[in-house]
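Annotated features in TrEMBL:
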{"type": "TRANSMEM", "residues": "30-50", "note": "transmembrane segment"}
{"type": "DOMAIN", "residues": "260-420", "note": "domain 'SSD'"}
{"type": "TRANSMEM", "residues": "261-279", "note": "transmembrane segment"}
{"type": "TRANSMEM", "residues": "291-310", "note": "transmembrane segment"}
{"type": "TRANSMEM", "residues": "317-343", "note": "transmembrane segment"}
{"type": "TRANSMEM", "residues": "363-383", "note": "transmembrane segment"}
{"type": "TRANSMEM", "residues": "395-416", "note": "transmembrane segment"}
{"type": "TRANSMEM", "residues": "486-505", "note": "transmembrane segment"}
{"type": "TRANSMEM", "residues": "692-716", "note": "transmembrane segment"}
{"type": "TRANSMEM", "residues": "728-751", "note": "transmembrane segment"}
Amino acid sequence: MSCLSCYTAVEGFIGKKFQSYGGLVASHPWKFIIGYILVMGLFSLGLLNLQKNDDLEQTFTPLNSQAIQDRSTLLGLYKDYSRSHFNSYNKLTYGLYGDVIFKSKDGENILNSTYLSEIESVYRTVLNITCNNTHGSISTYDELCAMSNGTCNIEGNIVLTQEFKTAMSTGNIPYPIFQGSTINTYFGNVEYTNGILQYASSIKLRFNLRTDTPSYFDTSKLWIKEFQEVMKKLEHSSIEIAFAHTYSLEEGLNTNIAGDVLYFSITVTLMLFYAGFAISNKDCLSDRQNLARAAVLGMGLAIVGALGFVSACGVEFVAIVGVMPFLIIGIGLDDMFLLLTGLASTYEEGGSVEPKKKVMMTMRTSGVAITLTSITDLVAFFVGMTSPFLAVRNFCAYTGVAVLFGYLSYVTFYLACITLNEKRVQKGLHIHTCKPLPTPGELEEKGQPYKCLCTGKAPSKRTDVQGSLEKYPPKILSKIVLMKPVQVIVIIIFAAYLGISIWGATNFKEGLDIKNLVSEDSYYFKYLSFDESFTSRGIIVTQFSVAGNVRYSDPETIRKIENLQTLAERDVDTCSNCSINWLNAYRQTSYFDDSTESAFINSLQTQFLPAFPMFTNDISFSDDNTSIKASRFYVFAYDIIESKDEGNFMLRMREVAASSNLPGFSVDFSAHVCHGFMETASEDRKLGACGALIRSGGPIFNGAMSSLIGIIMLAFSKSYVFLSFFKVMILIILLGAAHSLFFLPVVLSLVGPQFKPKKIIVEVEEEEMIMKNKNANGN
């Protein structure tokens, strides 16, 4: 069987099914319109069950990843000691905190008494912040602060001690170690000479909060809200202040997206205007503007219905789903242009064809096309639902269902609207008033502007019903694209484009600048800009945890742990002298007793840990305190700024742990052109390509334009998610349209298949006659 014969047989079979279905809809248009509206309205009730998930870590990290599983295991092994033995390096979550960065104006040295006095003033203000706790009373920071050595753990407050002030006044501040504490993470843009700090432009303070019980966790969150309100109002003349807290990133990202959704109403307005303008022929009888409005209405109902249906299924609404309405309202109109192109083709049979037969003929040709586009989109989104990222998975679920509902709107609601519109045209009714158009004599008698606003004639050919943007783009493109000089230019451009694409793919860089996720006018953007100067941005803490049945008094166990630590410290990014290991510290004291396992544990609990409480968090004892369930030590890496490098470092550390034998742990546009080429089925490749452009050029051009309009408002967004989506989509749309309108026609005209055409006739009358005979015979 030849290529054309196979194509004809398959499409003929499918086309007849769509043709019969079109007759069913055309016979009962109001039932399909009302039914679609009721079903979408019913689905929209699911919005009452809408659940939002604003947790960035949950939504943008792989589900059930090794890191998530390891942390879950560690959270079950180690207690939260933020009430008594807090250390920032042994946190398993972000914790709760408020940060303040002080920066000197004009780049002056912040290490002077004037600046420190202002810093201390703000410091006292923060300490005096109170909030209403979950029990209805007032809680102060002193009650909520994370504790270490009996005092609130405030990172950086060493700069406010009298010892530091004295060292600063004499110009003798040891760096990076001051009185046994590492202070390099508290200063930005430092300059030091021979271990003496000479200059810094900024100072950072972090106010850590308790999280050891649900009650304290919730109250600490309330304190953070008060902290934010107080810091927003603070102003100082000689010093700049930036602040942030645990939820600043989530707050900034979700605030941006919530504001950006307001652009959707503008998008719908633009879409209504363009769609109406594109298909308008300024004839009061054959004009099809109302069909543009019906298409937008149908897609709007599909969006609301999809949001409700997926919400009712328990799928959480994540931030990126806010993009979905823009995408669907844009790509959804592609099907409208395809159906209207098929409808216009029915007028090639003359203007006397009945509305029902026109709908059947339209579905015979265009039903296959819109089904093809919907299937390709559905496959893409349903594959996306298998993503390990919750944000991508949920976005694809909402968008995939919206695509499906959009398709259903066209084959039910919109097809019924086409039927009603064609009946109006057949009866000679005005597009807006639905009243009979006046006769030529009545028009002459009433004059202007009545004559201008009520003129219309019955369409008798394809061009009588098409708008200017439906008729002229394909005609112009079919003439220009198939000129030899233009073909050469197109091939050269696409060859260069292919080369650049290959180069870009091979030089692809991973990474994320957190500043891009929030708007430039937000308080968090200012904080991140200040924070870039601090070396603490490049510090990564790696926890190695040993769990299971391990005898720590056994020299072989000690040797294995030492080897594991040594191997980790040999990594190019780790600091070999910065590790923290309770076992090494224990062995260097007089309390160390490895005579038996019980002696080892008894001395550890009764002598070592009381003397060195900072290690309390690093050892998890069994319920009867006779054995160690798990313990951990820490390796530090510095100067890792890029997120890709952080990921690579994590993978290397995971390999180190594994090496130890210790137990632990859219092809839519191009498809239309190919479909049009096969429909033309010419012996001449050039005529085939020309026919493909004539058939599909209009829908592709207008589909691309409507898709661009659908996402154009995202260009004004403050959200990095929305802006990134806009950039990707605009490239996909433009390149897809360029492939379909330029490159593919050129290729088909040069090397496309040649056919001995067999005229394909849609015999609607014959099919109806057969159906009537079957019914008459009782079949």
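Using N, Cα and C of the backbone, Cβ positions are placed for all residues, glycine too.
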Which sequence-distant residues neighbour the transmembrane segment (486-505)? Criterion: at least 6 residues beyond either end, Cβ under 8 Å.
480, 742-743, 746, 749-750
Determine whether the transmembrane segment (291-310) and the transmembrane segment (395-416) share at least three Cβ pairs under 8 Å, counting only pairs 6 or more apart in sequence.
yes
Out of 30-50, 261-279, 317-343, which stretch touches the transmembrane segment (395-416) the most, going by CB pairs under 8 Å?
317-343
Between the stretches 30-50, 261-279, 317-343, which wins on the count of C-beta pairs under 8 angstroms to the transmembrane segment (363-383)?
317-343
Report, as numbers and ranges, every residue of the chain located at least six residues beyond the transmembrane segment (30-50) whose Cβ falls under 8 Å of a Cβ in that stretch; write 'none' if there are none.
298, 301-302, 304-314, 317, 405, 408-409, 412-413, 415-417
